[in-house]
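Visitor: Sharing a structure below in structure tokens format, with a few things to ask.
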Amino acid sequence: KIMKFDEILFTHLGEFGKYQSIQFFLLCIPTMFTAMHSLSWTFTAPDIKHRCRLPDEPVNSSYWMNPIVSKDIPLKEECKDFINLNDCSYETCHYRSSNSCSNGYIYDTSHVTYSAIHRWDIVCDKTIWRAFIQSAYYIGQMVGSIKKMYFMALCLQIFAGSSSAFANNLIIFGLLRFLLGVSHPGLFMIAIIMMMELIGPSKRRLPATISGTSFSIGEILLGVFAYFFRDYRHLQLIIGVPPLIFLSYYWLVGESIRWLVTKKRYNEADKLLKRGVKINKSQIPEDWWLTLDTDTDDGTTIIDNKTKDYGYLDLFKTPKLCKRSLISFFCWPVVSMIFYGVSMKPDFLGGDPYMTFIIGGFMEIPALLLVFFTVNKIGRKPLLAGGYLVSAGCMIISQLLSHYQTHWIINLILYAIVKASITCVYTTIYTFTPELFPTVIRNSAMGLCSTFSRTGAILASYVSFWLVTQYGNIFMVIPFAILSSIAGLLVLLCLPETVGTPLLETIEELENGEKRTKLLTTEE
């Protein structure tokens, strides 16, 4: 009997058994460290109070100044020093025309003993370097055999992550952040793909949910580590060295069986399948590949053979497709900007940055579970539009309450709701967007959406680490709230619900408005 590869795989290996569980567990642990590296700059280069260092003052002097000294150099002037104090009277000292402190800086070490800010004086006119360094990570994400790619990304993360603790130059540190960003897609997205290839159709929601939960746990652990290790070098070593153990994955994690089949490397695929069915206590026939339907399992599909190749420009050639493309290309960077923006600046509503960051990570987990259990019941649009609008509403409320002495608990609750709601959006959008586009052009659409998403994260770096520092939280809260509101309304008013509908195959189906019947069965 001629069978498709999926039939062979899930008939004998099963849709989800012990073997798949082991592979899931192994692939998810590195995701935690990917999350830590992604957001570690939040604690490596935090906001630190500072002042100009006085002439002949020891470099390890206390940030606190007695009243006499503070009259000469007011604390509110963090970036200005005076003309030689011997040449002016007590009342008439003038600031230098330059905003740089000629003798360096003295930092407050009561909360953070040593950071990248201390080491490279990333303050005053160098503040924008905080944004440059973080944006280098997200630029790296745009660059970037399946198992070999995963393993190379793992080695790159280990090298760049541990080396960051010893970088003695800010440019070198930024380059290492860039390399960490390059490793991100290889560890996160390839892990999801490898997990999806191992499980049956009824379990296809599991990989994104489990990977997202692992990412959230990584955020929580980063907050805990940052709280206990206030020297950034120690923090970098804590999150950079342990992944050395993942080098054992070269032997523990199997190659993509589906990839091996498409390359007709059946003997290697057979060894992995036999190992899997043995763990799952099942069996697979000898020479199973002789019954394989090679017309559809050689890396192509029927529809690929019947249609021309489509490129990025085809996304804008028809009205409905153009509308869906433009809305998607707006919504993806917005969700990325807000998610990473509020994660990189956990105290933008006030409160302790460590506790707020940790609670924000915890709030992502129930949000992921909410999407997992409801996305096929209430639909994609309520979760997507609702998440955008709720996060916007909370940020607007926080801005209104900023004029009053509100309790820190209120700000913490608002932050937690923003983090949970935008996590709902981030999770749902990965399910919703592919369903908006026909099969022939779906990969092109998702590729561009992913690229635009990275630009949102890059912009978030400049908003969180530069605009907020220079001009205040309002320059983060209001733009984020406006963009989130627009995205939510666009989804609500301009895009169709896709739950329970068959996937479109061609652009003609979309443009001709062919009737799309509800599926008779729904996923579990």
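Cβ coordinates are placed from backbone N, Cα and C, and glycine is handled just like the others.
Feature table excerpt (TrEMBL):
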TRANSMEM  22-43  transmembrane segment
TRANSMEM  150-172  transmembrane segment
TRANSMEM  178-196  transmembrane segment
TRANSMEM  208-229  transmembrane segment
TRANSMEM  235-253  transmembrane segment
TRANSMEM  325-342  transmembrane segment
TRANSMEM  354-375  transmembrane segment
TRANSMEM  382-402  transmembrane segment
TRANSMEM  408-433  transmembrane segment
TRANSMEM  445-468  transmembrane segment
TRANSMEM  474-495  transmembrane segment
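Looking at the shown structure, can you explain where the listed features end up?
Guide: Beyond the transmembrane segment (150-172), the same-chain residues lying 6 or more positions past its ends with a Cβ under 8 Å from any Cβ of the stretch are 30, 33-34, 37, 116, 120, 122, 129, 133, 144, 179-180, 182-187, 190-191, 194, 232-234, 236-237, 239-241, 243-244, 246-247, 249-250, 253.
Here the transmembrane segment (178-196) has long-range neighbours at 20, 23-24, 27-28, 30-31, 34, 37-38, 136-141, 143-144, 146-147, 149-150, 152-154, 156-157, 159-161, 164, 204, 206-208, 210-211, 215, 253, 256, meaning same-chain residues at least 6 beyond its ends whose C-beta is under 8 angstroms from one of its own.
Listed as Cβ neighbours of the transmembrane segment (354-375) (distance under 8 Å, sequence separation of 6 or more from its ends, same chain) are residues 42-43, 205, 209, 212-213, 215-220, 222-224, 226-227, 342-343, 346-347, 383, 412, 415-417, 419-421, 423-424, 427-428, 431, 499.
Long-range Cβ contacts of the transmembrane segment (382-402) within its own chain (Cβ-Cβ under 8 Å, at least 6 residues beyond either end) map to 331, 334-335, 338, 349, 370-371, 374-375, 410-411, 414, 417-418, 421-425, 428-429, 432, 473-474, 477-478, 480-482, 484-485, 487-489, 491-492.
Within the chain carrying the transmembrane segment (408-433), a Cβ under 8 angstroms from the stretch's Cβ atoms is held by residues 205, 208-209, 212, 216, 328, 331-332, 335-336, 338-339, 342-343, 346, 348-351, 355-356, 359-361, 363-364, 366-368, 370-371, 375, 380-381, 383-384, 386-388, 390-391, 394-395, 397-398, 401, 445-446, 449, 484, 498, all 6 or more beyond its ends.
Residues 323-324, 327, 330-331, 334-335, 337-338, 341-342, 345, 348, 381, 384-389, 391-393, 395-396, 398-399, 422, 436, 463-464, 467-468 of the same chain, all 6+ positions outside the transmembrane segment (474-495), place their C-beta atoms under 8 angstroms from a C-beta of that stretch.
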Visitor: With the transmembrane segment (445-468) as the reference, find which of 208-229, 235-253, 325-342 contributes the most Cβ pairs under 8 Å.
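Guide: Between the stretches 208-229, 235-253, 325-342, 325-342 has the largest tally.
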Visitor: Who are the chain neighbours of the transmembrane segment (208-229) in space, where the CB to CB distance is under 8 Å and they lie at least 6 residues beyond its ends?
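Guide: For the transmembrane segment (208-229), the nonlocal Cβ contacts are 24, 28-29, 31-36, 39-40, 42-43, 188, 191-192, 195, 235, 238-239, 343, 354-355, 357-358, 360-362, 364-365, 368-369, 371-372, 423, 426-427, 430-431.
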